[in-house]
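J.: Not my notes, these are from TrEMBL:
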type	residues	note
BINDING	B:Cys47, B:Asp49, B:His108, B:Cys111	Zn(2+) binding site
Number of protein chains: 4
Amino acid sequence: MHVAKPLPSYLVQRYQGWRATAYSENRAWYKRLATEGQRPRAMIISCCDSRVHVTSIFGADQGEFFIHRNIANLVPPHSPDGLQHGTSATIEYAVTALKVAHIVVLGHSSCGGVKGCHDMCSGKAPELEQDSSFVGRWMDLLRGGYEKVQSLPEAEQVLALEHQAVLTSLDNLMTFPFVKDAVESGALSLHGLWHDIGEGSLFEYNAEHDRFSVI
Amino acid sequence: MHVAKPLPSYLVQRYQGWRATAYSENRAWYKRLATEGQRPRAMIISCCDSRVHVTSIFGADQGEFFIHRNIANLVPPHSPDGLQHGTSATIEYAVTALKVAHIVVLGHSSCGGVKGCHDMCSGKAPELEQDSSFVGRWMDLLRGGYEKVQSLPEAEQVLALEHQAVLTSLDNLMTFPFVKDAVESGALSLHGLWHDIGEGSLFEYNAEHDRFSVI
Amino acid sequence: MHVAKPLPSYLVQRYQGWRATAYSENRAWYKRLATEGQRPRAMIISCCDSRVHVTSIFGADQGEFFIHRNIANLVPPHSPDGLQHGTSATIEYAVTALKVAHIVVLGHSSCGGVKGCHDMCSGKAPELEQDSSFVGRWMDLLRGGYEKVQSLPEAEQVLALEHQAVLTSLDNLMTFPFVKDAVESGALSLHGLWHDIGEGSLFEYNAEHDRFSVI
Amino acid sequence: MHVAKPLPSYLVQRYQGWRATAYSENRAWYKRLATEGQRPRAMIISCCDSRVHVTSIFGADQGEFFIHRNIANLVPPHSPDGLQHGTSATIEYAVTALKVAHIVVLGHSSCGGVKGCHDMCSGKAPELEQDSSFVGRWMDLLRGGYEKVQSLPEAEQVLALEHQAVLTSLDNLMTFPFVKDAVESGALSLHGLWHDIGEGSLFEYNAEHDRFSVI
């Protein structure tokens, strides 16, 4: 026996709507996806934030994107220590098993995780420093980023740290040997994006000029 | 300098399509979400698999669901050891900061992660046993589930293990004190689902009869 | 040419879901309703508040309830002065054309309109006193109610005023000759309810004991 | 003492059903809505007609839509004369206090109010011309619409007048300074719909082609 309740009826209704329309119109395609397996072209690493709707933004259809979502779209560095690394597992699977051609790291504005990291690193959130804080320990990944932005004017720091979350992930991705090999052989490319929720705009990291510029 | 390439043009084009339509139609709503913050009603924990389209299935719109996606929709047990636990961080944030009313664990058919776990546990995939295998170490979370299904006829084991992935996550969720408290006070309910990709159907775990039944 | 935009796509999707399920399952009934006209059993007068879901609370199906919703579920007194009285028109139509058997006035907790009235009458919202404030002029209907509750302890006044909004409407309903006649002949009965949104509870006005009691 | 009877038992029973299911499944969400207040995304202006089930059509759940329902979904022109304008109060509250992103005017087939207006304007319903007729005075709002359709073949006039009811409301909405400002700044969009009850279909006003077209 496991603790669980029936699905709330508003979700049941919506599911039935989906089944009667989108599924029903594409039944053959779904059956093929089920039989032949997935063959996604890209992996997206984005935040869990309910306002970041990667499938909408990229007009995604079933079968197109392998999507990992965590707090603040962070990738930890390669660390083959035999412990559990959920994010590293998604990257390994995407690159070595699915052989995706692109990995897109998608950051966003007013990210609660990044804000928490900024509060923690600037001494405003001591509770996040505790061992028992999973959010705090996860945001440790961005401490190096904080060091890079702390000399900026206060008002610019959080946005800069949101950019750092994307850049940290890009850098950590390259510490995975299978990622580095695939990038160097041209089989895989990495992309860093930052999304402004209110403006609906998208900025991409431009390696040549080392800054984010609007698309 | 960080390694990154410009966004592939097919994604740029789709983003521009989204911006000209869905964003443009709802600009005021997105601005409000940006200013006032998110207030999602539910958290969804699903697989990264490109064929599982939770936002479609539940007709989700921006701001409705806090979504964590990892390999095989697994939740590890509560383990406040000061190490990085990305999934635990998402749960802590959803329950303690966002105070979501529902957590839905959504498993699915032909799950590559579950298949890998089955291969590993039945001795067919020794490479997954290595410390360097992130997928293997992540799927260790489901070893207890494998023990429960290994006495079933071979042909039924993988499906049963997909169900176990959902049930394991439900059980592990209850090991987090803040989840347990919220469930017991009635502030939070847990829901276990399994989705058949080809059939477009949804099964839910029924605690009373201790089995999955079709919705 | 009139100013209008296409329907947001999230509403289009949901409509298509409704059409493919609820409508499609009940097509014959909808066609009958269209051909034979409506024959609702009751009229409901409730607030516009998005959290008051009269069709859910009363399990309403198409064709059952004639529903008028305005700010704070208020009915003005009968005033046949040849001016526009939208609420009075709904009552006239319900009672004289549709001959409903019941009119239910449904108030609710944390009503923004009632709160505004309380602020206005207690001098905290001078802007609502202006001629140009439609909400203020509409809430004038509840000034008599405010006088009845102002001697109560501050903390009890707003709830008492929400009850007064229901009672004022019941009283004003009886100033319409066609309502009074129908009530006295037994063809029509009036009902006063107050709904607690957070508790999901319903209280009804009990004329015998002159108070609201939980159902 | 106020005139009221106990709630009919069929409604008590349904309320108890709702409380045991939908409320009970979503208790935490309703408590949050009660504590944090409503944040509806859209306002819907529809008819009181019992056959128009806006919450079903748009799969609405508690908290999503601010709903005003009156006879024939009519909005009067802006008229800040210090008199009671219940509909204007709902619009003011939705736009200035709740800052909704959309206003949807939803007309429908075989509308009794529109039919009454047609009868009145074409001389078939002299009783509606009297000062004492609230329905008649309310339907005066649509006299301008009648003038536009009276040259059409008789059989087409009523449907055309139902469309005019939607268009009149759209035009009158723009006479409210706060609506006009919000529309012009992009913070608000207006939408005109007409629903065929028997067919279960939805038509939307297309400003570019100045006509209603099926969705």
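Any Cβ shown, glycine's included, is placed from N, Cα and C.
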J.: Given the recorded Zn(2+) site (B:Cys47, B:Asp49, B:His108, B:Cys111), which additional residues of the same chain have their Cβ within 8 Å of the Cβ centre, ordered by sequence?
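T.: For the Zn(2+) site the neighbour list reads B:Ser46, B:Cys48, B:Arg51, B:Val52, B:Ala72, B:Asn73, B:Gly107, B:Ser109, B:Ser110, B:Gly112, B:Gly113, B:Val114, B:Glu162, B:His195, B:Ile197.
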J.: For the binding-site residues B:Cys47, B:Asp49, B:His108, B:Cys111, which ones lie near chain A, with a CB less than 8 A from one of its CB atoms?
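T.: Near chain A: B:Asp49.
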J.: Excluding near sequence neighbours, so keeping only residues 6 or more apart in the same chain, what lies with its CB under 8 A of B:Asp49 (Zn(2+) binding site)?
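T.: Same-chain residues close to B:Asp49 (Zn(2+) binding site) (Cβ under 8 Å, separated by 6 or more) are B:His108, B:Cys111, B:Gly112.
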J.: Take the Cβ of B:Cys47 (Zn(2+) binding site) and count every other Cβ within 10 Å, whichever protein chain it belongs to.
T.: 28
J.: Hey, what's the Cβ neighbour count for B:Cys111 (Zn(2+) binding site) at 10 Å?
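T.: Taking all protein chains shown, B:Cys111 (Zn(2+) binding site) has 26 Cβ neighbours within 10 Å.
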